[in-house]
Amino acid sequence: MTVGTLPIWSKTFSYAIRSLCFLHIIHMYAYEFTETRGESMLPTLSATNDYVHVLKNFQNGRGIKMGDCIVALKPTDPNHRICKRVTGMPGDLVLVDPSTIVNYVGDVLVDEERFGTYIKVPEGHVWVTGDNLSHSLDSRTYNALPMGLIMGKIVAANNFDKPFWDGSIRNIWGFKWINNTFLDVQAKSN
């Protein structure tokens, strides 16, 4: 070894550290690939083995629109994350539970007086629900979600229960795009 040169293992270690730092920055600020569990987003996402692609440039609610699927910190337990669909934006009037007047969500008793009532979503908050309303703990339970808890927008998912290859390049491991399902009826009628 000559003066001023590093052994090959030292260069390899240096490249590995740089790569890890780069991946950490991407994970923190740009993109995340994470698992989802639970029945609240059926049929959009499976109850198990669905992994979602999350874009973090939508963090803190930046650019979020009605109908987008998001990942957020759970307001009642910041150590857990939730995956829900935005069904109300700041200033919107939302019906607390449009599906039924039952006062149970799963096994959890929910305040019966709130059902059938309208709530105005406060500024800086969004109203979120699961696609499977009968099995979802969401804004109907913990009220409007502060936009500061939003970690990103879900744009796609992979279901690892599916075979790796089913003959289509578009369907590797059950890949699917997660679309915004909101249809603005007022805008369409004008």
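Just so it is clear, glycine is given a Cβ too, placed from its N, Cα and C backbone atoms.
In the three-state DSSP scheme, Ser40 (active site) falls into the coil class. Here Swiss-Prot flags Ser40 (among others) as active site, drawing on similarity to another entry.
For the recorded site, Lys84 (active site), the DSSP three-state label reads strand. Sequence-distant neighbours of Lys84 (active site) (same chain, six or more apart, CB under 8 Å from its CB) are Ser40, Met41, Cys69, Ile70, Ala72, Val128, Thr129, Gly130, Ser136, Asp138, Ser139, Leu145, listed in sequence order. As annotated by Swiss-Prot, active site applies to Lys84 (among others), with the evidence given as similarity to another entry.
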